[in-house]
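Novice: Attaching a single structure in structure tokens format; questions to follow.
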Amino acid sequence: MSAYTISIVSIIGINVILAVSLNMISGFCGQISLGHGAFFGAGAYAAALAMVATASVPLALLAGVVAGSVLGILVGFASLRVRSDFLAVSTIGVNFLFVGFVRKQSWLGGEMGISGIPPTGFGASGNMIMILLLACATVVFSLYVSRSWMGFAFRAVGEDEQAAATLGIGAGAYKLAAFGIGTALAGLAGALYAFFTQFITVDAFDFILSVMLMAMVVIGGIGSTWGVVAAAVGLTLLPEAIRFVNDYRLLVFGGMLVLVIRLAPGGLAALVHNLFARTRKA
Amino acid sequence: MYYIDLAVTGVSFGCMYAMMSVGLTLVYGLLRILHVAHAAVFALGAYVVVLVANATGSIALGFLAAVIVTPLFGIAIYRLLYEPLLRYRPDVPMIASVGLLVLMQDAFRIMFGEQGVTFRQNALSFTTFDFHGVTISAVQIALIVTAAVVFAGLHLFTTRTRTGLGWRATVSRPKIAASFGVDPVKVRYLNFAIGSALAAVAGGLVALLNNLVDPSIGFVVSYKALAIIVLGGLGSVRGTLVASLVLGLVEAYGTIFIGAWLDRDAIAFLALIVLLMIRPQGFTGARTA
């Protein structure tokens, strides 16, 4: 495999983890988060610091997961207090705060970021395999959660909190669980990203990234694991395959987001589902 | 004198935030939609001002063109994007709005370049006045005067004219206003038109202040405006005005006190998140968040 292929596949794996984990928060549990980049970034910075200090891969992975989920559960408490569209604004705020804070911290490298993160020792293709294995594990986990009692409770909370409460499903605990799980996975993706690039700056975790991830979830079909995986792979490859898309990335992503919401709010998943339903009828 | 300079900066920025946010808070009051793409309207206003001013040589014509073009654009956003999405949860139109903002920002970059556009003739932005050691630029004065005129005019319009009263009535009690013969759809058009025009004026003045319009002009301001309307108690014009001025001042002084560990642009969000945690109903408690 060429170095180019390896890096593309690695990025696809990281984006799949990010999109699937955002889908657990926003798709399963209905809590719209436009700050997923902040949790990804927290994981990447924690893992980078751990790698620089100890050069131990398991420790760095753990640091990423813990940093992502701690920040995530803190933000999860916000979801207990405010209505859904305000939660979205708060998460935008969290993303800007994260970037604004990190940029001024000299111990996090400030504007220059952290460079010279020690290599994992697996080589580029070893890293890629680790990323792919963890991405597959994330997808399997997401499918499992979706079918479990917890997934049912997530959806109940997302659809109607009051109705869920009458079934004995307390919204608070499940919202926190969704945030905790989703952001832990974002932190994991952050650690993998730090291994992959060995150099991080805070600009990689800005609000635009969060919008891109939300675009993957919405275009794939909010709540559908397979739809989101397909959209994450497709939207990562699209700018590589088509030069026009690469030059006008935000134009294309923003346009797709608007068109999908306006014309097919169920995303790819609903389109495929309808197609099958129609062929079965015929 | 340094502290007074900062106060002038703070108040003039506060006036700009207020003109930007008032349209946003009224859209929320009417439709319960967070109109993130309002920032694109702000940027469009700035571009129209600079392009028309460069083409005709008159900055006044630029502003005139902006307050004609942007209301139409604002109404088009409502008609084509929000109206069909009103039956979904409020976060659905909000995500569409974020998509539209990102799209427009990139479109501005593609059409007018990454570096942005500068005024060919802009005597205003380099004119400064000196009041006993306090320096005020002409654009800062323009910002403050415009905001004062706009808000006084808005106050008269909403208290003295039939249309204005109908507008206010619809924002606070839509059903009762409709039963008194106020057409809610016309009120929405009016709302988007006035809000967009004000945002365009604010955008044009910011363009004059920086002597530059670049694609990211509306970006950070827009998210700050979201914070402002929550801080001001949603749907309340007076609250928005107060919150804008407070934010302008806090940012101006905050840069010297906490600038060492936090970006100036992040202060608004810190205030927003702290407020939402303590009082989810906003400063005034008029509406639930």
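Any Cβ shown, glycine's included, is placed from N, Cα and C.
Dumping what TrEMBL says about this protein:
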- B:6-26: transmembrane segment (TRANSMEM)
- B:33-53: transmembrane segment (TRANSMEM)
- B:59-82: transmembrane segment (TRANSMEM)
- B:132-158: transmembrane segment (TRANSMEM)
- B:189-209: transmembrane segment (TRANSMEM)
- B:215-234: transmembrane segment (TRANSMEM)
- B:241-261: transmembrane segment (TRANSMEM)
- B:267-286: transmembrane segment (TRANSMEM)
Novice: Does the transmembrane segment (B:189-209) reach the transmembrane segment (B:241-261) with at least 3 CB pairs under 8 A, where each pair is 6 or more residues apart?
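Specialist: The answer is no, given that the two segments have fewer than 3 Cβ pairs within the 8 Å cut-off.
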Novice: So if I exclude everything within five residues of the ends of the transmembrane segment (B:59-82), which remaining residues of that chain have a CB under 8 angstroms from its CBs? That is, six or more out.
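Specialist: Result: 23, 31, 33, 35, 37, 41, 44-46, 48-53, 93, 96-97, 100, 119, 122, 124, 188-189, 192-197, 199-201, 203-204, 208.
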Novice: For the transmembrane segment (B:241-261), name the stretch out of B:6-26, B:33-53, B:132-158, B:215-234 with the most CB-CB pairs under 8 Å.
Specialist: B:6-26
Novice: Taking the transmembrane segment (B:215-234) as the reference, which of B:6-26, B:33-53, B:132-158 gives the largest number of Cβ pairs under 8 angstroms?
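Specialist: Top-ranked stretch among B:6-26, B:33-53, B:132-158: B:33-53.
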Novice: Short question: which residues 6 or more past the ends of the transmembrane segment (B:33-53) have a Cβ under 8 Å from it?
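Specialist: For the transmembrane segment (B:33-53), the sequence-distant neighbours (Cβ-Cβ under 8 Å, at least 6 residues beyond its ends) are 20, 23-24, 27, 59, 61-63, 65-67, 69-70, 73-74, 77, 81-82, 86, 90, 93-94, 97-98, 100-101, 104-105, 108, 112, 117-122, 195-196, 199-204, 206-208, 213, 215, 217-219, 221-223, 225-226.
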